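**Student:** I have a structure I would like to understand better, so I am pasting it below and will then ask my questions one at a time.
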Amino acid sequence: MSSTVWILISILLATVGAVVGFFVRKSIAEAKINGAANEAKRILDEANREAEALKKEALLEAKDEIHTLRTEAELEIRDRRSELQKQENRLMQKEENLDRKDETLDKREQQLEKKEDSLVARQQQIEELESKVGELVQKQQTELERISNLTREQAKAIILGKVESEVSHEIAVMVKESEVRAKEEADKKAKEILSLAMQRCAADHVAETTVSVVNLPNDEMKGRIIGREGRNIRTLETLTGIDLIIDDTPEAVILSGFDPIRRETARIALDKLVQDGRIHPARIEEMVEKSRREVDEYIREVGEQTTFEVGVHGLHPDLIKILGRLKYRTSYGQNVLKHSMEVAYLTGLMAAELGEDEKLARRAGLLHDIGKAIDHEVEGSHVEIGVELATKYKEHPVVINSIASHHGDTEPTSIIAVLVAAADALSAARPGARSETLENYIRRLEKLEEISESYEGVEKSFAIQAGREVRILVKPDTIDDLEAHRLARDIRKRIENELDYPGHIKVTVIRETRAVEYAK
């Protein structure tokens, strides 16, 4: 019973609590709604006030901007009006200037018309005077023809002939003086260039040798070199083409031969055999082959070093090797490689003085005797062989012509070719460059004079400049100018056929005619 009552009481209390809570929440919600409405009204009022303020501010800014634009427009209109006024003033000034120029031109036109009228009048006067002068000249010519018994054409021919004779003589004198002066200046310049080139080029004195000497540790080695029944020495001589001279010279073997490359190969091979101690035909053959390879490599190195020293680049490798062979070639005792380098230096120096291509000149000078490296192996002169080599390896046409013309076989086609020939003569002619015994030298001078004096009409001959020139004095009443040229050619041919000489020999025939008169 009591529990049921408590349950009912609890339910009743819960119901009352729920009703009370409902009304409380409702009153709270209504209060919040009223607060929110009031807040919204307040915000709306503030927004209206701010909008009104912004509207007034925008109106004020718009008024200021309108005022500013109006002011700028007024200033721009004022500036344009001022500029238009200035342009109008300038146009008015130009118009005034044109009016003044127009007046000036009118005045000048009037003056020119007056001058033209004056010139027409003067021209008429001149024509009248010319007519009168022509009549007077005609009368004078007629009178002169009557007095001199010569027509006008005859008199003109006489005067022109006399003038032509006088002018021709004066021109001939002037031409001769110019030629003499030009020759003197050219000779002077050539001497300066040659002296400068020779001063700046230093070269060695060389001498020819046809033997080499190999030193031995003792004389017992000579027997080992000879071998049993001479088989070792025969093998070495057969393989190298060099004669071995074993005599009483202590501790030395002499190698004799005219081919320097073979002689050098034999020397190196024999030196290696002596150092090795094993000397028999098989070992000799091995050492000779090894020495040939060493000599070939040395020749190539010499060629490369030569081109580097002279400053010539771009040569074909085969041509460099052929150039190195010149180290073992001599001409009248002068080493051909040293001679070629000397010619290259001299040609380059002279070309530089004349404003020519110095590098091309050195190249031509270095290769001018390239044919001498193999002229003993190939048919033909060293000039022909050199031209073939240069053409084969596509050298410059100037280089080819320099090789072909440096001994006068063909005409030089460039200044460099002439310089190469001059440098070749300088290198060969300098003291000590080429060896020649005193006996041969004197015999050659005597033979030169003997050949020259063997011709009819020759009065006297002189061999000068160490036998490099022969001067022949002829009788002018027996030998005329044309005969003098023929005589020089004949003597030159006989010298070439009958004499052996280094370099060139210049043949000069001198015919002197003297006319003497005595004024009393």
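From the backbone N, Cα and C atoms, a Cβ is placed for every residue, glycine too.
These numbers come from a predicted model, not from an experiment.
Below, the features straight out of Swiss-Prot:
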TRANSMEM  4-24  transmembrane segment
REGION    86-116  region 'Disordered'
DOMAIN    210-273  domain 'KH'
DOMAIN    336-429  domain 'HD'
**Student:** Restricting to the domain 'HD' (336-429), report the mean pLDDT as a whole number.
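**Tutor:** That region's mean pLDDT is 85.
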**Student:** DSSP helix, strand and coil counts for the domain 'KH' (210-273)?
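**Tutor:** Helix, strand and coil residues of the domain 'KH' (210-273) number 34 helix, 13 strand, 17 coil.
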**Student:** Summarise the domain 'HD' (336-429) as counts of helix, strand and coil residues per DSSP.
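**Tutor:** Split by secondary structure, the domain 'HD' (336-429) comes out as 68 helix, 0 strand, 26 coil.
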